[in-house]
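Copied over from TrEMBL, here are the features:
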| type | residues | note |
| --- | --- | --- |
| BINDING | Asp68, Val71, Gly73, Asp75, Ser77, Glu91 | Ca(2+) 1 binding site |
| BINDING | Pro163 | substrate binding site |
| BINDING | His194 | heme b binding site |
| BINDING | Thr195, Asp237, Thr240, Asp245 | Ca(2+) 2 binding site |
| DISULFID | Cys36-Cys116 | disulfide bond |
| DISULFID | Cys69-Cys74 | disulfide bond |
| DISULFID | Cys122-Cys315 | disulfide bond |
| DISULFID | Cys201-Cys226 | disulfide bond |
| DOMAIN | 26-319 | domain 'Plant heme peroxidase family profile' |
| SIGNAL | 1-25 | signal peptide |
| SITE | Arg63 | site 'Transition state stabilizer' |
Amino acid sequence: MPSLVQMSSAALLLILAVMLGGSHAQLSPTFYASTCANLNSVVTTALGQAVQSDIRAGAKIIRAHFYDCMVNGCDGSVLLDDDAENGIDSEKDEAPNQTLDYDIVDTIKTAVENACPGVVSCADILALASQIGVALAGGPTWQVPLGRRDSMDANAAGTAGIPSPFDTLDIQQRKFRDVGLDDSTDLVALSGAHTFGRARCATFSNRIGTDPSLDPTFSDVLAQICQGGANALTNLDTSTPDDFDNNYYTNLQNNRGLLQTDQDLFSTNGSSTVAIVNSFAASQTEFFDAFVQSMIKLGNLRPLTGTNGEIRTNCRRIN
């Protein structure tokens, strides 16, 4: 028979487990099974149509989800417009978010509202559409934990915690640690989302002709592209630009990472990230498995659940 001390210890451990796990204890892949059973197909159809007109749609969605989760957790705050009446200072106006595409989210939200009015949060749409966008591009699929609710406020100042293409590796790693993500595996795996999508010359032109970790031939190609100006776009992955695969990592091994933050994962001597890049370059399966785990971990960052927050009917403003 357990002693009182043992019983007290067990009770304490149970309380701690509830406290620590409570932030995402209510998230479940079957959260909408009875309230919006066709949610997956609705989002797949809407995003699939968006991809037909903009091949970057999936990459844009996953970027918005990541930026959302890095500020106050995965609560849809990144989608809110300025609203002086309700004291909302939008995150959209801050540098990291100025080039996010919010129209794609609106399109998916409209489709979801038509199917299941007032049921599915904008935060969950970002998480689910990220998975579907990856799968549509040939990447892995996974069961997305759902049940997030939407915040009723934004945090413009908090966008300073979003990784920048100009951050050193040390700063990237600190920003990941600050939100509870691993500064090696999660960082390298989630950076692998740069296997599809585009980037503006403004985010990498400072490297052209000056960075020894940039392949000289690739540097010349980028110089030609950037003659089109700071907003000229080029592929993040020049080998298979629209496919979700592990070629992003082989590009890093060949000094053809587009952003400095990407190349630093491989070119920083002594960093724990180098071996992980090599592992993912050697095995797409290993990359996919790690990416899925890191995406689930990302989506579990401080979500609002239960009666916290609300289910916005319009992702751009509170109800």
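All residue numbers here begin at 1 and follow the chain in the order shown.
Using N, Cα and C of the backbone, Cβ positions are placed for all residues, glycine too.
Whatever TrEMBL says is automated annotation, not expert-curated.
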(request) Could you state the whole-number distance in Å separating the C-alpha atoms of Cys116 (disulfide bond) and Glu91 (Ca(2+) 1 binding site)? (result) 28
(request) Based on Cα distances to Asp237 (Ca(2+) 2 binding site), point out the closest of the recorded positions Glu91, His194, Cys226. (result) His194
(message) Nearest of the recorded positions to Thr195 (Ca(2+) 2 binding site) by CA-CA distance, picking from Asp68, Val71, Gly73, Cys74?
(response) Asp68
(message) Return the count of C-beta atoms lying within 10 angstroms of the C-beta of Cys116 (disulfide bond), excluding that atom itself.
(response) 16
(message) If I take every residue in the domain 'Plant heme peroxidase family profile' (26-319) and average their pLDDT values, what number comes out?
(response) 97
(request) To the nearest whole angstrom, state the Cα distance for the pair Cys36 (disulfide bond) and Cys226 (disulfide bond). (result) 46
(request) Would you mind sorting out which of Gly73, Asp75, Ser77 (the binding-site residues) have a C-alpha within 10 A of the one on Cys122 (disulfide bond)? (result) Asp75, Ser77
(request) List the Cα distance (Å, whole number) between Gly73 (Ca(2+) 1 binding site) and Arg63 (site 'Transition state stabilizer'). (result) 14
(message) Under 8 Å between C-beta atoms and at least six apart in sequence, can you list the same-chain neighbours of Cys315 (disulfide bond), or say none if there are none?
(response) Gly76, Leu79, Leu80, Tyr102, Val105, Asp106, Lys109, Cys122, Ile125, Asp150
(message) I'd like to know which of the binding-site residues Thr195, Thr240 has the most other Cβ atoms within 10 Å of its Cβ.
(response) Thr195
(message) Around Asp68 (Ca(2+) 1 binding site), which of the listed recorded positions (Cys74, His194, Thr240) come within 10 Å, judging by Cα atoms?
(response) Cys74
(request) Rank the recorded positions Cys36, Val71, Cys74, Cys122 by the number of other Cβ atoms within 10 Å of each Cβ, and give the residue at the low end. (result) Cys36
(message) Restricting to the chain of Cys69 (disulfide bond) and a gap of 6 or more, list residues whose Cβ falls under 8 Å of its Cβ, or answer none.
(response) Val179, Leu298, Gly299, Leu301
